[in-house]
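Contents: one structure, followed by commentary.
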Ligand code: LLP
């Protein structure tokens, strides 16, 4: 399913699509490097290790379920993105995928910028020392208070999402005696999902200002007249988990057309375009993501070509990858609790987490893979569904996968590629305690987001 359309909106287990699974891999113990972070391997006893530390030791020290984040891999991905785009472009990590103060420090050290979309993300970024000018502030309904904080902090750009916001940001900036750099987020009539994109005639979504009907041109007109704003460019984000560059191509072409219209009407060449995030990663061996250098070349070529055709100087490009940086860097480690074989159908393997630490399977019908982590096994493969401990039949972590048939309670299993949109979308459903994020690097592991405790639950519940 990770190859098909990323469904919009919630799904209930009762309407989940039919099982989708291929034959078991030849060797269930093998680790496909596409879905695992770079330091994950098996040691001489067959146990999974990350950053040189064996998972049983990690489970003993930090408990399960827990997310283990491979810091070296995270940093390497940051570098790969910034090297691929080079000094003439800007990479903004999308903090919504996963944000913590440690992550902010790594981004800062690796020279990346940061996209935040709430007051909470902004606070985390600033508290961890990200220079405000390297922060972009997003969101379709920023509160006036958030706008004040962002402008007051001196963020490098605010991405304007609506006509009301043009006025709100201009007003706040004037009041604070600033000229705020802004981009306008446009909806280009392209919706991209994984391997497909759909060019729609209308703009039926809450984000951005439509290019259609001259809306975006009108937004530019207004932004250019307000002296609290410095319009630096146009922004477009077309979707999630995208492999097909064709959607970006259409988006870039339409954004460049708008730049040409702006030049013709106002005599101004806007210096930047931001093509958003949304680049896909491998959740299973069936996914074939593109490398950052291919993406950079492809986007660079499209923009250069379109600008040449329109007689424009090539603007500075920025991108906002979230999933593509953090997604593959982490796995979730679970302990197997109960095992329920259903003859001729599948075996349900219950783990000590579930939809509270990974809602993506229930919400988007997302696909994941899983491996036996605490040991290897030569037992026959069995078809499993990895489920959580929540009071809901849709509480599925991995819908269809194969694990060795000698799997037993107490075994540790690991689900790769859970770095993005898992901890950041985690919930307390059934008063589950949200798992910790543990960073592992060069034989050392440290908690960067601690596990919630029952005291945390009671502290919020004021009685
Ligand atoms: N920029 C903007 C303006 C965005 O809205 C997003 C994601 C990104 C960048 C980063 O996209 P990424 O590179 O991480 O795909 N919860 C969903 C994904 C929602 C994405 C929302 N916007 C999921 O779990 O698949």
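Backbone N, Cα and C define each Cβ position, glycine as well.
Lifted from TrEMBL, the feature list:
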type: DOMAIN; residues: 72-327; note: domain 'Orn/DAP/Arg decarboxylase 2 N-terminal'
type: MOD_RES; residues: 96; note: N6-(pyridoxal phosphate)lysine
type: BINDING; residues: 278, 320, 321, 322, 323, 421; note: pyridoxal 5'-phosphate binding site
type: BINDING; residues: 323, 360, 364, 392, 421; note: substrate binding site
type: DOMAIN; residues: 333-419; note: domain 'Orn/DAP/Arg decarboxylase 2 C-terminal'
I'd like to know which of the binding-site residues 360, 364, 392 sit within 10 A of residue 421 (pyridoxal 5'-phosphate binding site) at the Cα level.
360
By DSSP assignment, list the helix, strand and coil residue numbers for the domain 'Orn/DAP/Arg decarboxylase 2 C-terminal' (333-419), in that order.
5 helix, 39 strand, 43 coil
CA-CA within 10 A of residue 323 (pyridoxal 5'-phosphate binding site), subset of recorded positions 96, 360, 364, 392 in residue order, equals 96
Comparing the Cα of residue 278 (pyridoxal 5'-phosphate binding site) with the Cα atoms of the recorded positions 96, 360, 364, 392, the shortest distance belongs to 96
What binding-site residues among 322, 364, 392 are found with a C-alpha within 10 angstroms of that of the residue listed as 'N6-(pyridoxal phosphate)lysine'?
322
For residue 360 (substrate binding site), the number of neighbouring Cβ atoms whose distance to its own Cβ is within 10 Å equals 20
CB neighbours of residue 323 (pyridoxal 5'-phosphate binding site) within 10 A?
25
C-alpha of residue 320 (pyridoxal 5'-phosphate binding site) to C-alpha of residue 360 (substrate binding site): distance in Å?
21
